[in-house]
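Chemist: Okay, these came from Swiss-Prot:
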- 127: arginine binding site (BINDING)
- 248-417: disulfide bond (DISULFID)
- 122-127: region 'Important for arginine binding and amino acid transport' (REGION)
- 450-456: motif 'CRAC motif' (MOTIF)
- 113-133: transmembrane segment (TRANSMEM)
- 140-160: transmembrane segment (TRANSMEM)
- 192-218: transmembrane segment (TRANSMEM)
- 277-293: transmembrane segment (TRANSMEM)
- 303-327: transmembrane segment (TRANSMEM)
- 350-370: transmembrane segment (TRANSMEM)
- 388-408: transmembrane segment (TRANSMEM)
- 431-451: transmembrane segment (TRANSMEM)
- 473-493: transmembrane segment (TRANSMEM)
- 501-521: transmembrane segment (TRANSMEM)
- 534-554: transmembrane segment (TRANSMEM)
């Protein structure tokens, strides 16, 4: 009797058969192996399951179709209405077992290398433009140390997110995301609070994108106008001497000024007219509305998703640009802990929380890491692949931040001149910077509708249960999101400030608080919670709260 209850399909043979089975080009050739999922006694990913007599009857019924034939000799197949959905396919053995197989498993699983690259590509975003400024705010030595420490801390919290589903007993969590785990532990509060902080991260990213797109579009238009009209420029701003010019747009201010500081020689009337209608903060943010607002109304983001490769190209180009500029400019460093510096900054500065806020968003992937790891071919390698991806992201940030900071020409310029967007330290006439801005502008214009789609899915889906309740709901949401971006680009175009506030806010929940609380609650329910674990995870929560509070005093 015991042998009668054991699985009758060898797992290794089953995997080989299933791979060939689902690789068939004609899905109809697989139809005799479909049965209704409701007839499966239980679902378990680890081993085949015994099936009921109803499932056996269904199998015989489908085989019956294959026994019938046309008068001409052609065999019949089961009609479409008999078959389950593709995502509910079970492979059945007449000997009495059945296994559920996702049709995509055999062909769309990713190797570890692809998974690592996907995580790296997802995390690399606009924060990289502000890393050199963040290091300047923290001090060089402190900034590099904070980079490594924040990378380790966010990696550990991300590891806790990955393991969070496994802490829930007697429940199939294979399709759950982290907000579902939060709802399980914290009820409706967990659901709505996770939605709130997710909105903060998404809308914060959309605001940063709008500010940067306004910046890039302004400088691109300025470069084209000067080139077409043969306008000669003499910079009144502080700059170094040499072919690779680096400028200090705001020598007496930590934030960007809303005016041009260049002297032009050409047709003065046309130039004044151009400057009136082509202003970084007064006009260009409004021009973007005409370009981007219609794109937010698309029902599906699949078209824009095809351009994701541009993000990788942009990052590779930025790294190449930084390397080339550093090779020409050389390194300019002076290590000193003295607070009074003319051209350099001390190694430690009390404004270092500005960097921690930026890095919280720079290393933020906690709300979607479960989704990215689901398609990893070998689930046992999830933690290893996640760690490698974080290492690569951290090294990329360190490389760009350190090289830009170290190569900034001091003297004659002060390190205080490093801008929140380090591309602003290159004049609009710089061809290499012009190409970088073009790359980033086009990439952001394709990613922005994707972010808007995610906002629509999460917000309207939670409130109305439909991601497209009506064109009026969608239009009102899009106008509100775009309006916030325009207002910030007009009155507060400081991407460093926006990134650090949104990063500290969304990171408070998804990075610091929820993963730590869930881990402690699960240990407590199993009777395994110890004092050292409490101290460690409470300290992480306190760090997250302190990180957010500190942003208001910087």
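Cβ coordinates come from backbone N, Cα and C, glycine included.
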Chemist: According to DSSP, how is the region 'Important for arginine binding and amino acid transport' (122-127) divided among helix, strand and coil residues?
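Modeler: Computed counts for the region 'Important for arginine binding and amino acid transport' (122-127) are 4 helix, 0 strand, 2 coil.
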Chemist: Please check if the transmembrane segment (388-408) comes into contact with the transmembrane segment (113-133), where contact means 3 or more CB pairs closer than 8 Å and the residues in each pair are separated by 6 or more positions.
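Modeler: Contact between the transmembrane segment (113-133) and the transmembrane segment (388-408): present, because at least 3 Cβ pairs are under 8 Å.
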Chemist: Need one number: mean pLDDT over the region 'Important for arginine binding and amino acid transport' (122-127).
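Modeler: Across the residues of the region 'Important for arginine binding and amino acid transport' (122-127) the model's pLDDT averages 85 on the 0 to 100 scale.
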Chemist: Assess whether the transmembrane segment (350-370) lies in contact with the transmembrane segment (473-493), where contact requires at least three Cβ pairs under 8 Å among residues 6 or more apart in sequence.
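Modeler: By the criterion, they do not touch.
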Chemist: Which listed stretch (192-218, 277-293, 501-521, 534-554) has the most C-beta pairs under 8 A with the transmembrane segment (473-493)?
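Modeler: So the stretch in question is 192-218.
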Chemist: Quick one: DSSP breakdown of the motif 'CRAC motif' (450-456) into helix, strand and coil?
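Modeler: Going through the motif 'CRAC motif' (450-456) residue by residue, I get 7 helix, 0 strand, 0 coil.
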Chemist: Can you work out which residues elsewhere in the same chain, 6+ from the ends of the motif 'CRAC motif' (450-456), have a Cβ less than 8 Å from its Cβ atoms?
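Modeler: Sequence-distant neighbours of the motif 'CRAC motif' (450-456): 199, 202-203, 205-206, 209, 295-296, 298, 301, 304-305, 467-468, 474, 477-478, 481.
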Chemist: Please report the Cα separation of residue 248 (disulfide bond) and the residue listed as 'arginine binding site' in Å, rounded to an integer.
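Modeler: Here the two Cα atoms lie 21 Å apart.
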Chemist: Below 8 Å Cβ to Cβ and six or more residues apart, same chain only. Which residues does that give for residue 127 (arginine binding site)?
Modeler: 358, 359, 361, 362, 397, 499, 503
Chemist: Let's check the environment of residue 248 (disulfide bond): how many other CB atoms sit within 10 Å of its CB?
Modeler: 23
Chemist: Can you count the other CB atoms that lie within 10 A of the CB of residue 417 (disulfide bond)?
Modeler: 22
